[in-house]
Amino acid sequence: MNSKAQPLAHLTLPAMGVWVFYITFAGQGVRNVIGWKPFGLLAAISCLVLVLQFIAAGRILTLRRIPTTIAAFVLWCSLSVIWSFYPLETMMASALMSATSIAGVMIAVAFPPRQLLDILTRSLQWMIGLSLALELYVAAVLQERLAPLYMREWEHIPDSYYWIHGLLFQGGPIQGVFANRNPLAFGAALLLLCIVFQHLQHRSSWQRTLLWAGASLATLALTRSATVIVCLLVCVIVMGVGLSLRSVPSAQRRHVLRGVGVVALVCALVALVYADAIFMLLGRSTDMTGRGVIWERVLALWAERPILGWGWIMYWAPWIPMFRTLVIRPDGTPTMQAHNAYIEALFQTGIIGAALVLLAVVWVLYGVGKAAVRSIGGDLTGLWAFCLAVALIVQSVTEARLLSEGNWVLFVAMATWLSLYRTVPSPAWGASERDIRGEGPSDKKLRAFDRELSRRV
């Protein structure tokens, strides 16, 4: 590689990381502007540029550093084209799954967790900032609903297809550049977690923290997503427990965590018993806004092909007859996901695929949680990563997005970190890139990590 190109690639790679998160989390907004085919071309170009920058910046990747559970699930999804009920769509979905998986692996290899915290924060700031600006424009200037630009010539646009409904001044719900209130709310929750952890690490001023925390909380209030509120509450509890552990002697932390685990199990059982009351408190129906009907019908289909499933497709293509009438929304449009990552995996990839997803989830939660506890006395980056993992897993109970787009990229990055850092001392989790490359304050362990990474990655 040209030695002159490496510094430029190294300098611009973080900006590419910001774009990767933006296009995978808020890609629907981009599609609403340029259409599906141009978006496909843009996504392909973005993937190619990421690979070229990755190589030019001196990053190296070998197959053995790719997480086994992730690789197995992606391979199983690709193999499902053999028995798929919709082989062409499975081929396309498998290609997209492979691309987002590669992006997640490359991001984990390219950026240490602390640097990725900054990159993800910057990307989420763009998403939330543009979302609020767009909602303000539609409500104050346009003063009518905004449809995706490629639908402007349609004679009839279903209600659920509108991009922005112009309800900002009515208190929402708003959809922003995500074109959907639930992903927008989840993005706001992730930004809130990121900005709080940056502040706790003394890397964000009070003014900046208050600005973006306020924007995140306002977005959460305007989206009215019960799932995300629950995610955030669980993450706040996890954060509180993690911060409390810092004052507990290392020898006693294991006993404290066991007690916390028992309490968490009891709380989960109580929540299960009093689920109806909790749903009423959140202002939601007991079937979680129609999800019960979706799950019932999807599981009935899965029962017809339980071992292998119907074939990987990611989001349900509305032009396929079986999805066109499976679950119909009030405006007459078909539902496009199972609203549960594990039921989705079960339906599309069978028992084998669902088992791989569950194995990956347990492995990531355990591994990231262990890293968080190990480094809790010094750096908080591990606790931040664990909070993000918890948020992804909690949301996966009522949304299938864990298996696609930005959620999947972030999940794969966490799994890759575990492969990269499992033989490395815990301080590396909180190291900045300058630390790892020996350009800033460092020690022998971090320099050893640099050599290990160069040899093994």
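Cβ atoms are placed via backbone N, Cα and C, with glycine included.
Among the features that TrEMBL reports, transmembrane segment is placed at 7-27 (among others). Long-range neighbours of the transmembrane segment (7-27) within the same chain, counting only residues 6 or more positions beyond its ends whose Cβ lies under 8 Å from a Cβ of the stretch, are 39, 42-43, 46, 49-50, 52-54, 56-58, 100, 103, 107, 110-111, 115-116, 118-120, 122-124, 126-127, 176-178, 183, 187, 405-410.
Residues annotated as transmembrane segment in TrEMBL: 39-61 (among others).
Per TrEMBL, the feature transmembrane segment maps to 68-86 (among others).
Under the heading transmembrane segment, TrEMBL lists 92-111 (among others). For the transmembrane segment (92-111), the residues of the chain that approach it from at least six positions outside its boundaries are 13-14, 17, 20, 24, 43, 47, 50-51, 54, 57, 59, 61, 65-67, 70, 74, 77-78, 80-81, 119, 312-314, 404-405, 408-417, 420, 433, 457, judged by C-beta separation under 8 angstroms.
Taken from TrEMBL, the feature transmembrane segment applies to 184-201 (among others). Long-range contacts of the transmembrane segment (184-201) within the same chain: residues 25-26, 117-118, 120-121, 124-125, 127-128, 131, 174-178, 208-209, 212-213, 215-217, 219-220, 223-225, 227-228, 231-232, 235, 239, 243, 379-381, 383-384, 387-388, 391, 395, 399, 401, each at least 6 residues beyond the stretch ends and with a Cβ under 8 Å from a Cβ of the stretch.
Residues or ranges marked as domain 'O-antigen ligase-related' in TrEMBL: 215-357. Averaged across the domain 'O-antigen ligase-related' (215-357), the predicted model reaches a pLDDT of 86.
Long-range contacts of the transmembrane segment (221-245) within the same chain: residues 135, 168, 171-175, 181-182, 184-186, 188-189, 192-193, 196, 200, 253, 256-257, 260, 282-284, 372-373, 376, 380, 383, 386-387, 390-391, 394-395, 397-399, each at least 6 residues beyond the stretch ends and with a Cβ under 8 Å from a Cβ of the stretch. Sequence annotations record features per position, and here TrEMBL assigns transmembrane segment to 221-245 (among others).
Residues or ranges marked as transmembrane segment by TrEMBL: 257-282 (among others).
According to TrEMBL, the feature transmembrane segment maps to 302-320 (among others).
Positions annotated as transmembrane segment by TrEMBL: 341-366 (among others).
If you look up TrEMBL, you'll see 372-394 (among others) marked as transmembrane segment. Long-range contacts of the transmembrane segment (372-394) within the same chain, counting only residues at least 6 positions beyond its ends with a Cβ under 8 Å from a Cβ of the stretch, are 113-114, 117, 186, 189-190, 193-194, 197, 200-201, 227, 230-232, 234-235, 238-239, 242-243, 245-246, 250, 253, 257, 361, 364-365, 402, 407, 410-411, 414, 417, 426-427, 429-430.
Across the domain 'O-antigen ligase-related' (215-357), DSSP helix (H, G, I), strand (E, B) and coil residues number 93 helix, 2 strand, 48 coil.
Long-range Cβ contacts of the transmembrane segment (302-320) within its own chain (Cβ-Cβ under 8 Å, at least 6 residues beyond either end) map to 77-78, 80-81, 83-87, 89-90, 93-94, 96-97, 326, 333-337, 343, 346-353, 403-404.
Proximity of distant same-chain residues to the transmembrane segment (39-61), defined by a Cβ-Cβ separation under 8 Å and at least 6 residues beyond the stretch ends, is recorded for 1-2, 5-6, 8-10, 12-13, 16, 19-20, 23, 27, 30-31, 99, 102-103, 105-106, 109-110, 454, 457.
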